[in-house]
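S.K.: My structure is below; once you've seen it, I'll send some questions.
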């Protein structure tokens, strides 16, 4: 073989060697990165797992006292919550000692008092979990499982602005009716072999009750925030009009955002950033119905936007 041919062959082999080496190193680097990503993901999952254990370690307090002490202006529960499982276990198991119609609003709910005096909001199951509601994105009844999913998404995102929510099965005949107020009891009925109730709310109708499977009803239970943290309601600056053919100002005014940024409480503090966080949160859960929002009262814009009413 001539010298020129040998040089060409050697050059080709060298190029192949370099590409092979680079490819292998890239693959090794990618594999190492993937392994580290997997380990990080597993660590995150481990940190998010909650064992519904009734034990409260190193404390004589009730789960309700512990949850009340968690609340501060910028979070409902802390990042490190060793007693979270115990509080959630209490929400699913503590005896119901009183049941009443839910606080005012558009959707059916019941206000329950659990053993130990803790208020919770019960939203009944209205649809199968895989049922898709047709029509406007805010159409239909509240979805109880959306409240549960929203709470866990709040944990994953690290917002910690949604009150604790669990799923719970209740026996309407043995757990609710014996302790129900007259106002709530008056809305109970039997449809076929199922116990139902329609409660009191803006859209509650006797013709549209929520029905149990027999006597047992699935629903979500949301922990009531401590009374020492009263709430203040605000109109959402990017809320819908809910009127066909009528646009909200933000839908046609290109300067609207600038106007909002000059308006209290969005002209200082974290509130506008909270609005942006909530827009991402609502997009992920499919909630198109946040026409108002709540913060803690007399906060001068310093408290968080609290993620309530996430069932749409």
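Note: Cβ is positioned from N, Cα and C throughout, glycine not excepted.
According to TrEMBL, the record shows the following:
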- 289: active site (ACT_SITE)
- 107, 123, 222, 223, 224, 225, 294, 309: ATP binding site (BINDING)
- 142, 309: Mn(2+) binding site (BINDING)
- 188-312: domain 'FAM20 C-terminal' (DOMAIN)
S.K.: With every protein chain in view, what's the tally of Cβ atoms within 10 Å of the Cβ of residue 223 (ATP binding site), excluding that atom itself?
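M.R.: I get 26 for this one.
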S.K.: If you measure from the CA of residue 289 (active site) out to 10 Å, which binding-site residues from the list 107, 222, 223, 224, 225, 309 are inside that radius?
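M.R.: Those close enough are 309.
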S.K.: Quick one: DSSP breakdown of the domain 'FAM20 C-terminal' (188-312) into helix, strand and coil?
M.R.: 24 helix, 30 strand, 71 coil
S.K.: Going along the chain, which residues six or more apart from residue 123 (ATP binding site) have their CB under 8 A from its CB?
M.R.: 107, 108, 109, 142, 144, 147, 219, 220, 222, 311
S.K.: Given the recorded positions 142, 289, 294, 309, which one's Cβ is surrounded by the fewest other Cβ atoms within 10 Å?
M.R.: 294
S.K.: Here are some binding-site residues: 107, 222. Which one has the most Cβ atoms within 10 Å of its Cβ?
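M.R.: Per the Cβ count, the most surrounded site is 222.
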S.K.: Using a Cβ cut-off under 8 Å and a sequence separation of 6 or more, which residues in the same chain sit near residue 224 (ATP binding site)?
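M.R.: Listed in sequence order, they are 118, 119, 120, 121, 163.
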S.K.: Please give the ATP site's span as the largest CA-CA distance among 107, 123, 222, 223, 224, 225, 294, 309, to the nearest whole angstrom.
M.R.: 19
S.K.: Using all protein chains in view, find how many other C-beta atoms are within 10 Å of the C-beta of residue 225 (ATP binding site).
M.R.: 20
